[in-house]
Amino acid sequence: MLVKKLAGKGGGRESGSEDPRPLGQRCAGTMPSCTALATLLSVVAVAFCFYLGVKTNDLQARIAALESAKGTPSFHPLSDTVDELKAMVQEKVERLLAQKSYEHMAKIRTAREAPLECNCPAGPPGKRGKRGRRGESGPPGQPGPQGPPGPKGDKGEQGDQGPRMVFPKINHGFLSADQQLIKRRLIKGDQGQAGPPGPPGPPGPRGPPGDTGKDGPRGMPGVPGEPGKPGEQGLMGPLGPPGQKGSIGAPGTPGMDGQKGEPGSPGAAGQSGLPGPKGEPGKEGEKGDAGENGPKGDTGEKGDPGSSAAGIKGEPGESGRPGQKGEPGLPGLPGLPGIKGEPGFIGPQGEPGLPGLPGTKGDRGEAGPPGRGERGDPGAPGPKGKQGESGARGPKGSKGDRGDKGDSGALGPRGPPGQKGDPGATEIIDYNGNLHEALQRITTLTVTGPPGPPGPQGLQGPKGEQGSPGIPGVDGEQGLKGSKGDMGDPGVPGEKGGLGLPGLPGANGVKGEKGDTGLPGPQGPSIIGPPGPPGPHGPPGPMGPHGLPGPKGASGLDGKPGSRGADGPIGPHGPAGPKGERGEKGAMGEPGPRGPYGLPGKDGEPGLDGFPGPRGEKGDLGEKGEKGFRGVKGEKGEPGQPGLDGLDAPCQLGPDGLPMPGCWQK
């Protein structure tokens, strides 16, 4: 079949025709494929066998590990020897013997270590409490979303009759909806009444510039202008002479915590300290509590009576197995705190380290609040300029957009370093571990420093709102630009300013170099504290192995007489005794119970009217009532009167919806 299938794949031969090649050549062509297939199957079988061997070995290792973890010895008859079998059987027999002997032993109940606190379960839930008082009214909530559209209104009244057509006999049905233009040209009604003025439209686009108007009349001379704005910042002047030595400045605000420095190199070995005084001998410890008595052993069996002759001395018995190690006891209570040592001597002050490298430039800070400078003196009036020619009046410009806020100018260069200040106060503040009190004492030092340098110039304030248009003045002649005035004399130095605001915390400086190692301080006196109290008793250890039966005990002494027995049952009643003498008269009895109510009395006469009582106090405010239902929609009102005619020019509306004031006067 294989030969036929291979032969049937030929292009020009039919499926039913046979291959004309001999049988040897045909089989030789299929041998390589069969060999490759057999080789592939062999490789797959070998790989599968290897995989099964690895998995079996892994499974065997896991079973052995599980048996060793659970403590159940595995039984391998091929590898175990006779000695191992004996040891295994002996161990099982001993285990069974110990289990049986433990079952027949007297049960000893250990003392229960119950805690003093109650560990009872939670009780049933209580009854629901009374309703609390009404709380205060909360703040008004946020405005809710817009409600759904209201119901459709009532049908309007019928409109007035429209104008008559010009051609009433013409049927306009032939006109389609797309020929509205023809309708408007053929059917033109009378002019309707003027409608109400519409709302002011949006401002129109900017118109083209108008023609140059005629020269106006010559105006009056203009009002002197306002003093000019301060000029740009001038060049930096030469450095002045160094100022006088300033007083001690106030302590600055604590700076930001610097970054944690790298661990320093180990210091040099200090000088050996003086030997401390010999400590006093410790106090004698308290005597420990007596241990609990061990469980009493079982009574041994009665021995056989011994012979009168002395018995043979037996061999000494084997020593018992050592008991298991008890669990470690709980840690003892912490010892009493030691006596506070005397403060050590203050070491000499180390030499100041070298100044650190300047720090990197920090990020740009946020803009400060705008400064408020004092108003300067009015400048001297300049010379009167010549009257210029009147210029043509330009068109009115549109209102420009508000400009963006400009960036603050850069700070000036850093000034030269000042002279070295006086050394700070060397007051030693012993805070005794209370850092807060130490900081309070630092802040209470009354040291006033010189006033801080003037702050940088504030940013330009925002542009104010547009003022109302003023009275149009007469255009004066444009004067010539005056020459630059001479520099004025320096002003009188002002009074001493107040204390400046504390500056912003500076950027983190570069880590300074390591200072020299200070001299070792003197060694403080060594004080040995008293020994701590003994720790609590540890928990009782586990019960030891069962002891061997003890020897026969001696005959006991006679017991003590027992306690008195319980009373016996009551005997039968005896015969009746003789009649007694007559008794004395008894005492008077207690009053009897209250009798029934009497009949109601007659109605009394009406009494006099009483005086009017005082006016009662004002009652509390009642609770807020529930929200009422929505009212019925009212009837439609009468149509309003026609409004006024619209304005010629659209005016800008204000926030209240009305035109801006003064718009009609333009």
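Every residue, even glycine, has its Cβ placed from backbone N, Cα and C.
Per Swiss-Prot, the feature compositional bias 'Basic and acidic residues' maps to 11-21 (among others).
Taken from Swiss-Prot, the feature compositional bias 'Pro residues' applies to 140-151 (among others). Under 8 Å from some Cβ of the compositional bias 'Pro residues' (140-151) lie the Cβ atoms of residues 633, all in the same chain and six or more residues away from its ends.
The compositional bias 'Pro residues' annotation in Swiss-Prot covers 196-208 (among others).
Per Swiss-Prot, compositional bias 'Low complexity' is recorded for 230-245 (among others).
Here Swiss-Prot flags 280-290 (among others) as compositional bias 'Basic and acidic residues'.
Summarising the annotation, Swiss-Prot assigns compositional bias 'Low complexity' to 336-358 (among others).
Residues or ranges marked as compositional bias 'Basic and acidic residues' by Swiss-Prot: 361-377 (among others).
Marked as compositional bias 'Basic and acidic residues' by Swiss-Prot: 398-407 (among others).
The compositional bias 'Low complexity' feature in Swiss-Prot is assigned to 457-466 (among others).
Annotation comment: Swiss-Prot describes 494-503 as compositional bias 'Gly residues'.
The feature compositional bias 'Pro residues' is assigned by Swiss-Prot to 528-543 (among others).
The compositional bias 'Basic and acidic residues' feature in Swiss-Prot is assigned to 615-638 (among others). The compositional bias 'Basic and acidic residues' (615-638): residue composition by secondary structure is 0 helix, 0 strand, 24 coil, according to DSSP.
The domain 'Collagen-like 1' annotation in Swiss-Prot covers 121-164.
Swiss-Prot lists 249-308 with the feature domain 'Collagen-like 3'.
Taken together, the residues of the domain 'Collagen-like 7' (529-588) have an average pLDDT of 72. Summarising the annotation, Swiss-Prot assigns domain 'Collagen-like 7' to 529-588.
Per Swiss-Prot, topological domain 'Cytoplasmic' is recorded for 1-33, and the stated evidence type is sequence analysis.
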